[in-house]
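**Student:** A single structure is presented below for examination.
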Amino acid sequence: CCIARQICEGCICCI
């Protein structure tokens with residue numbers, strides 16, 4: 001898991 005963000009279902013690599 002890269003970063004936990006609400007925008008991405010739980011824990012996903014958002015770039």
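Just so you know, the numbers here start at 1 and follow the chain as drawn.
Each residue, glycine too, has its Cβ placed from N, Cα and C.
For reference, Swiss-Prot lists these features for the protein:
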DISULFID  Cys1-Cys13  disulfide bond
DISULFID  Cys2-Cys11  disulfide bond
DISULFID  Cys8-Cys14  disulfide bond
**Student:** What does DSSP say about Cys11 (disulfide bond): helix, strand or coil?
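**Tutor:** Cys11 (disulfide bond) sits in a strand per DSSP.
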**Student:** Just how many other Cβ atoms lie inside 10 Å of the Cβ on Cys11 (disulfide bond)?
**Tutor:** 11
**Student:** How many other Cβ atoms sit within 10 Å of the Cβ of Cys2 (disulfide bond)?
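**Tutor:** Around the Cβ of Cys2 (disulfide bond), 10 other Cβ atoms lie within 10 Å.
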**Student:** Using DSSP with the three-state reduction, classify Cys2 (disulfide bond) as helix, strand or coil.
**Tutor:** coil
